[in-house]
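Q: Supplied in C-alpha cells, the structure appears directly below.
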Amino acid sequence: MISEFAPTVTAVSSAVQKVDADALVLGVAKGPDGPVLLPNPLAEKAAKGVADSLNALGATGAADQLLRLPGVEGYQSETLVLVGVGKLTGEPDGGVALEALRRAAGSAVRQLTSAGSVAFALPASTVEQVAAIAEGAALGAYNFPHFKGSESAKSKTPVSHITVLTELREKHTKSAVARAGVVAAAVRATRDLVNTPPSHLYPETFADEVKANAKGTRLKVKVWDHKDLEKDGFGGLLGVGNGSSRKPRLVRVEHSPSRPVAHVALVGKGITFDTGGISLKPANAMTTMKLDMAGAATVAAVVRAAADLDLPVKVTGWLCLAENMPSSTAQRPEDVITIYGGKTVEVLNTDAEGRLVMADGIVAAGEENPDAIIDVATLTGAQMIALGLRTVGVMGQEALRERLIRASDSAGESHWAMPIPEEALTGFESTIADLTNLGAREGGMLNAAAFLREFVPNRADADENSLDADSQRIPWAHIDLAGPAFNDKSAYHYVPKGGTGVTVRTLLSYLEGLGR
C-alpha cells in the first residue's frame, strides 16, 4: 500500500562542475523563432555548443520532450539531458512559469528511470523556482511495483537523489525544499492507495493503513466498525456497504495544534470498489472502479501532511469507507435508508452510492461545528463530461469555493468553480422519504452537489428565524475529481499512469493560507 520510498531532494549552490549526478538537466523553451536554451550555469563555450545544436538535435522545447546527450567534458554527469518547458511566458527570472518548471522537472525524472541521481540546472534564482523544481521532481519520482511478480519489473526504481542547482544559499531554500518533500510524499501516498487493488484495499485494511500511517505522529484516529455504525445510525454507509462481506468503516483522523487559528473538516468518499450494487455497472465501466476511494485517500494524506508541516489549523478528516457489491444482503432500488442525523433517502439507483456515504460523513463532521467543511469525492461521471479528465470541479459556498480556486492556482493544479443552480435539487423529490438519491441526468455534477448540500448542518450560532438557509449553514465546498483522480492514458508531466494524487496540493495550499 503506502510505500516508504522517498527521493532525497536538496538545493545546492555548488559549481555545476562539482556536482556528482548521473544526469544533468537543462531546459529548452519554445521561442518565437525556434527552440531556446534556458539560462544555465554551464561555461559559456559549453552552453553555446548546446544552444547551437538544438535544431540539429530535433529539440523543440515542447513540454515533455526529453533528449539525452553525452555528458559535457569537464563535468561529472555522464548524461546531459534537455527537457522541454513549453512556451516562454515573458515572466521575470527566466521567462518560465512556476508550473512549467514543476512539470519539466517532473517529466525529466519520470522519464529518467535508469538514472539514480539527477541534477537540475533550470532557472532557479528565486525560492519559489527552487521549490517548484524540487516539488515537480519529487512528484515525478514515482512508480508502483508492489504487485509485479518479476524481479526486472521490481528493479525499475525511480530516481532516488535529486539536486536543484541555485545561486541561493541553503538557509534560504531549506524550508521550501523540505515542504516540497512533504507535499510530494502526500501525493505519493494518495497514488499508492488509489493504485492498490480492491483485493488488498477494502474498508478494514484502509482503516488499518490510516492507523499505521499515524504511528509516530500526534494524529488521533478513531474507527467506527460495522457494529458502531449500526449503533450510531450511519444509514448511508450501512446501506451501501451491506452487500459486501467486507463491512464498512468510518474513520476520523485529526491534526490538532495547540492553538489552532481555524478548524477545517475534510470528508472523503472511500468506495474501495464500486460495482454499482444491484444497479450493476457494465463490465467495461468497472475496470477503474478501484479509484472510487480517491477522495478518502486524498483526505487521509492531507491530514498527515498538515501534521508533518505543523500547520496551525485543526484538520479533521472523515473517511467514509464501503464496498458497493451486489448480493442478497445489498440495498435495493426503492429501499429507504436513514442518514446519520435523521434525514431519509429513497434509493432509486444503488450506483448513486457515493452521495449516501458522504451524507453520513458531512453530518458527522458538522456536529463539531468546524469553520468549514470540504468534501472530496469521485462523485459523478458528469464531472468528466463537463470538465474533462484534468480539471476538477469545485462547488459550494461562494467565498470558500473561490478561496479553493485561488489555492489551486497557487499550487499549479486545475480546479474550476461551478455553480449549484436553484433548480439543481429538482428531481430529488420523494413521495415517501425526504429525498431520493437520483436527480436529473442533465447537470449531474451540479445536482449531486445540491443533494450533498442538504446534509450540511447549520452553524452553532445560526439564526433559526432566518429565511436564507445558505447563510446559516457551515461554510461548505464540494470537490468532484471523478476524472482527474485517475489517469488511464499515457503519463504526462509529473503525472504517472494510474492514481494522480490530484487536489492534495490544492488543499494543502488552502490550509497553509489559513495559517498565514
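All residue numbers here begin at 1 and follow the chain in the order shown.
In case you wondered, yes, glycine gets a Cβ from its N, Cα and C as well.
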Q: According to TrEMBL, LYS269, ASP274, ASP292 bind Mn(2+) 2; which of GLU204, GLU353, GLU367 is also listed for that site?
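A: Candidate listed by TrEMBL for the same site: GLU353.
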Q: Of the recorded positions ASP274, ASP292, ARG355, which one has its Cα closest to the Cα of LYS281 (active site)?
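A: Looking at Cα distances from LYS281 (active site), the smallest one goes to ASP274.
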Q: Restricting to the domain 'Cytosol aminopeptidase' (349-356), report the mean pLDDT as a whole number.
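A: Here the mean pLDDT over the domain 'Cytosol aminopeptidase' (349-356) amounts to 99.
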Q: Report the nearest neighbour of ARG355 (active site) in space among the binding-site residues LYS269, ASP274, ASP292, comparing Cα positions.
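A: For ARG355 (active site), the closest Cα among LYS269, ASP274, ASP292 is found at LYS269.
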Q: If I restrict to non-local contacts, at least six residues apart, and a C-beta distance under 8 angstroms, what lies near ASP274 (Mn(2+) 2 binding site) in its own chain?
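A: For ASP274 (Mn(2+) 2 binding site), the qualifying residues are LYS281, MET286, MET289, ASP292, ASN324, ASP351, GLU353, GLY354.
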Q: Between the recorded positions LYS269, LYS281, where is the Cβ count within 10 Å the lowest?
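A: Selected from the recorded positions LYS269, LYS281 on minimum Cβ neighbours within 10 Å: LYS281.
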